[in-house]
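Below you'll find the structure, written out as structure tokens, and then a few comments.
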Amino acid sequence: MNGIKHIFITGGVVSSIGKGLTAASLGSLLTMRGLKVFIKKLDPYLNVDPGTMNPLQHGEVFITEDGAETDLDVGHYERFLDVDLDRTANVTTGQVYSKVITLERTGRYLGETVQVIPHITDEIKRRIRLAPDDIDVIITEIGGTVGDIESQPFIEAARQIRREVGRENCCFIHVSLVPFLESAGEQKTKPTQHSVAILRAAGIQPDALVLRSDKPISSANQKKIALMCDVSAVVNAVTVPNIYEIPCVLNQHGLDKFVIKHLDLEAGEIDWSYWDDVLDAIENNRSEIEIAIIGKYTGLPDAYISVIEALRAGGFESKTKVNIKWVDSDDENLEDQLENINGACIPGGFGIRGIEGLIKAIRICREREIPTLGICLGMQCMVIEYARHVVGMHGASSTEFTDDTQWPVVTTMLEQRDILIDDQFGGTMRLGSYRAVLSIGSLAASLYGTTDIHERHRHRYEVNNGYAQRLVERGLIVSGRNTEQDLIEFIELDRKDHPFYIGTQAHPECKSRPKRPHPLFKGLVAAALARKEIAEFNSGKTVLQ
């Protein structure tokens, strides 16, 4: 095996077809064979990063250890490969053009006419090649669909890389949809044929096809696609009920073996130990609970994809299936919506819309003793609710929502104030991994099993230390602080007053893994399961073991 090998994942027909999960699953298979894999996403949009994008359009913003605001697919990569990636794992058109324009303005091109080829494509290639020194394979997912005008420079850069490293060191995998037409009663292969034709017109002949469908594609249709597209390696990736089955599906169809042979990789036998326990927990669950995600962006589940997967993983060890109940913070019937849930999670967000609904839902959860986990904005709203209804600070709020409140129990971080005045919103929050020291004997410390932790962050606002003492005097526990900046990182209620009520300023969902569930989510699932079992015992439906 000579040098780093490259695998490019492209998509056709429609977006959101599963390129990211295909890339993550293939990366997992190669990792399980002993290879060192680095994986990244190329996003063709002009935004520098997704940090300022609407979650209802783009989905969640995934935070890396080094503080990059990245595409949600980077979260899939981390979970499937069980690695921590950095900011080089997500490249956008905005980043590329910003860099090239900066180089031009500073005279680095020595008066050349700056063009898409070679200057933009050279910068894309440079970023594709950024990876640790000991890597065997770089998997690069190219966002969007072939034929999109925004994707053309990325496709061209990938073509050039294949020419530079040699065809034997580069593999192109094209993911395409094979739709089923109800009126005709058959699957249609023509969209995939056209998609591959567009890719070939750009100078790329795919080496393998991953055909997405809701129903199995007939052998005749697979052979037809292979013939018409001149591709021998054709894999049918049928929609599965849980995403962690995808590595098994791709392996059963031999995709990883094909890639290893094509790239002449020195790979060992596959070790399924990482996925065996996860799949067993999913397929053989012993119990089932319902946890509400109460948020502002429930219209698009992808806005909370890492929270969803963290909750699911929280139940794997105890073989507990976690069903998600979506509760919009603007819902007028929150009391009814939260009537029979076993637990609640209030994730992050921005802006004033839906805030009063969040505060109302949090009050319901606190007073009904529903196990509750607040994340970022969720924790801030927990503090606001407590200040209003327990401490008596009527009208308490955050300076994010109003400047007129008498009780700004959540306020703008000191270093963020000038940033907001100058309207510098992109990439300027408190981002990345920060340390917190937890109080001995607290719920937080008992869940983590230590008092010294690091979590990923993405915020501009903090709990106001000026009101902390009054909150503490009325029973709110400040159980974790960042000692360097004296920031409140964790709050909770005494377990004598509430079975599980905890909030964190961090985004713990970003560090959860299928095999290593995050302790906060694992704790929430355990508390929710206990609540359900007690309720069933009291109603005579079951006997506690």
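Glycine is no exception: its Cβ is also placed from the backbone N, Cα and C atoms.
Here is what Swiss-Prot says about this protein:
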{"type": "ACT_SITE", "residues": "Cys376", "note": "active site, nucleophile"}
{"type": "ACT_SITE", "residues": "His507", "note": "active site"}
{"type": "ACT_SITE", "residues": "Glu509", "note": "active site"}
{"type": "BINDING", "residues": "Ser15, Asp148, Ile149, Glu150, Lys188, Thr189, Lys190, Pro191, Thr192, Gln193, Lys224", "note": "CTP binding site"}
{"type": "BINDING", "residues": "Ser15, Lys188, Thr189, Lys190, Pro191, Thr192, Gln193, Lys224", "note": "UTP binding site"}
{"type": "BINDING", "residues": "Gly349, Leu377, Gly378, Met379, Gln380, Glu400, Arg460", "note": "L-glutamine binding site"}
{"type": "DOMAIN", "residues": "290-534", "note": "domain 'Glutamine amidotransferase type-1'"}
{"type": "REGION", "residues": "1-265", "note": "region 'Amidoligase domain'"}
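Structure coloured by features recorded in Swiss-Prot.
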residue : record                   : Cβ contacts under 8 Å, 6 or more apart
Ser15   : CTP binding site         : Gly143, Gly144, Thr145
Ile149  : CTP binding site         : none
Thr189  : UTP binding site         : Val178, Asn221, Lys224, Ile225, Met228
Lys190  : CTP binding site         : none
Pro191  : UTP binding site         : Gly12, Val13, Ser176, Leu177, Val178, Pro179
Leu377  : L-glutamine binding site : Ile346, Pro347, Gly348, Gly349, Phe350, Leu358
Glu400  : L-glutamine binding site : Phe350, Gly351, Ile352, Val410, Thr412, Arg460, Tyr461
Glu509  : active site              : Ser306, Val307, Glu309, Ala310, Pro347, Ile375, His518, Phe521
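The residues near the L-glutamine site, meaning same-chain residues not in Gly349, Leu377, Gly378, Met379, Gln380, Glu400, Arg460 whose C-beta sits within 8 angstroms of the mean position of the site's C-beta atoms, are Gly348, Phe350, Cys376, Cys381, Ser398, Val410, His459, Tyr461, in sequence order. Here Lys188 (CTP binding site) comes close to Val178, Pro179, Phe180, Leu181: these same-chain residues lie at least six apart in sequence, with C-beta atoms under 8 angstroms from its C-beta. Highest local Cβ density among the recorded positions Arg460, His507 belongs to His507, counted as other Cβ atoms within 10 Å over all protein chains shown.
The Cβ of Gln193 (UTP binding site) lies under 8 Å from the Cβ of Ile225, Met228, Cys229, each of these being in the same chain and 6 or more residues away along the sequence. Taking only the Cα positions, the spacing between Met379 (L-glutamine binding site) and His507 (active site) is 11 angstrom. Gly349 (L-glutamine binding site) has a Cβ environment of 22 other Cβ atoms inside 10 Å. There are 25 other CB atoms within 10 A of the CB of Gly378 (L-glutamine binding site), with all protein chains counted. It is Cys376, among the recorded positions Cys376, Met379, whose Cβ has the fewest other Cβ atoms within 10 Å in the structure shown. Across the structure, Gln380 (L-glutamine binding site) and His507 (active site) are spaced 13 Å apart at their Cα atoms.
Neighbour counts were taken as the number of other C-beta atoms within 10 angstroms of each residue's C-beta; across the binding-site residues Thr192, Gln380, the minimum falls on Thr192. When the Cα positions of Ser15, Lys188, Thr189, Lys190, Pro191, Thr192, Gln193, Lys224 are compared pair by pair, the longest gap among these UTP-binding residues is 23 Å.
The Cα atom of His507 (active site) lies nearest to that of Cys376, taking the recorded positions Thr192, Cys376, Gly378 as the candidates.
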